[in-house]
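Engineer: Just dropping this structure here.
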Amino acid sequence: MSALARIGRFLGDNPVIPLLILLALLVGVLEFMRPGILNERWIGNTVKFAIPLAMLAACQTFTMYTGGIDLSAGVVATVSAFVMATLVPVVGTGPAILLALIPALLIGLVNGIGVAFANVHPLIMSLGTGLIGTGCLQVYQRFVIATGSEVPPFLTWLGTGVTWGFPNSLLIFVPFAALLIYAQSRTGFGRALYAIGSNKEAARLSGVRAWQVYLLLYTLSGLVAGIAGLLYVGLIRAPSLSLVNPLLLPSVAAAVIGGTSIFGGRGSYAGTIVGALILRVLDTLLTLMRMPEGMRVLLFGLIILVVTAIYVRLTDR
Amino acid sequence: MIRVLRNQAWVLGLVGLLFALALVTKAIQPTYSASGFESLARAALPFAFATAGMAVAILVGGIDLSVASMMAVASVTAAVLMEGAGVGTSIGVVFLVLGIGLAMGAINGALIVVTKVPDIVVTLAMLYVWEGVALLILNAPGGQVAPWLQQLIRGSVLPWVPNALILAVVGVAIVWVPIRRSKLGLAIYAVGSDPLAAYRSGVNIAGTRIAAYAICGLFSAMGGLTLAMSTGIGEPIPGPYLLAAVAAAVLGGVVLGGGIGGLVGPLLAVLILRLVRQDLTLASVDPNVTTIVEGTIMVGVVMLGGILALRSRRS
């Protein structure tokens, strides 16, 4: 066994370690370029913006375990955020938040039904429901145009607030991430996801009822996307009809950089979280270099490609 | 044989749907005329090429998320180079842009083959790369497309046969028909159906995939050119063509995973989707409802197709 293969195997077993090294490297470059940038405020800001991205990337990570993807996540998050903000003046904060999660659950459920019972590819299914969701939102907007919108102080506090140097959104995110990391490896549901992604037929023969798993998975994915949208609107404080949509492709990128295989059966949510952080730091880095916008976008794409290519090469067994 | 029949059945079904829609259009708007159809064809033109490109990438077993970004590169390149240029130069620019499209697609394909990273991830990254390139070429909408090219897609040769429709059909056919009938066409379907079987039958898998992505890039360049021809300027920010192209390709009977479908179905699907949009506008339905209807048609058709496939497998 050559040294390279050994490193590859080690990294394959501990996929988060090389990502953490990469993250540290990027932060190092940042500190070198702009000494003193590495302070509490900057870290807090980076984490604040990485959290909604990491939550949206959870939808991609968990659906990817089964070989799927959820392209409706961005729209679902936008719908939840917009519906919540427009309902607050009418029904109050608590009910508005609960009501806003209903469309999220519904879109997720429809995705699940399509994937589970009609055998539609998740990419197509979630693309279609995303289109429907966008249309419904535009129609909805015309009915509530008079009521105005409001982001409740609670969500603003959660999204932008900082307590003892820690962003308040960690209050939601830490238990959320802990639950997901526990669920993916320690629960029957989590193992069923990997099983379906590795070999659907073998999973079926071992007693996994795929339709139940798909229904639950995509409904939960909708719910998580909805919550991510609520957090994001608390951070941005300006609801709009395309609020979270720009985060969709980065959420896929975060999951992929984090080592989750888009073909299913492999990956971890811990990797995705680091992936989301890497994307945020990369964004700061490219902004600081004062390049033309085009160069920044170009490098962003190239780096995603290079990181995944190296990753695939190292862990390919 | 059954597969061929089913493919034809899908296309025939789409033709039936198109006819039904035409009747509905006549019912809603008895005065619907050739000029309405002309503007429909013009609006459908960039969508048609984007969908054709996407369909080829799906046929070979992949998907190309960078279609809209490559269209943006083509449109800004054309608009920048043609500004103030004569007819002769602009003809040269058209061929140059088509060549650039071919090259961009080939780069996508080569990266997929070399890095062994899944198609969807590579083209997701390239979506940013090509968008960046487009922004570097032109920072904000600008440039100027040669006026004769702008005139080319306007008007009709015969009533009900708009120039734009002819351009779409000829543009796709001139590229796809010779390829479909050659060894490469067969190889694309073979690799899309079963790469291992294709490999064992002596098909050059890497070459086929690169070629398929290059064709996708070429169609994207055509889409970008026609987009610039209809607006008259270059636009560096990609339009809504990515999702629309996937939707139309799938509605047109191209199956995600590869090997099944053709280009006739997707082109019909583009016409159907644009006609639905026009009908709803004519019926003075809230334009926003259109998006819901389009999404519902797509989801409904795909779910129906999935259920039918499950049924036939069971029986």
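Any Cβ shown, glycine's included, is placed from N, Cα and C.
All TrEMBL annotations are machine predictions without curation.
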Engineer: According to TrEMBL, which of these ranges is transmembrane segment: B:7-25, B:292-310?
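Structural biologist: Of the candidate stretches, TrEMBL labels B:292-310 as transmembrane segment.
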Engineer: If you count every Cβ pair below 8 Å, which range out of B:93-114, B:120-139, B:210-229 shares the most with the transmembrane segment (B:51-81)?
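Structural biologist: Comparing B:93-114, B:120-139, B:210-229: B:210-229 has the most Cβ pairs near the transmembrane segment (B:51-81).
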Engineer: Report the listed stretch (B:93-114, B:120-139, B:210-229, B:241-272, B:292-310) having the maximum count of Cβ pairs within less than 8 Å of the transmembrane segment (B:160-179).
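Structural biologist: The listed stretch sharing the most Cβ pairs with the transmembrane segment (B:160-179) is B:210-229.
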Engineer: When you scan the chain for residues with a C-beta under 8 Å from the transmembrane segment (B:93-114), skipping those not six or more beyond its ends, what do you find?
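Structural biologist: The answer is 53, 62, 64, 66, 70, 73-74, 77-78, 81-82, 85, 122-123, 126, 130, 146, 149, 206, 209-222, 224-225.
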Engineer: Should anything in the same chain at least six residues away from the transmembrane segment (B:120-139) have a Cβ under 8 Å from its Cβ atoms, list it; otherwise answer none.
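Structural biologist: 57, 62-66, 68-70, 72-73, 75-77, 79-80, 104, 107-108, 111-112, 234, 236-238, 242.
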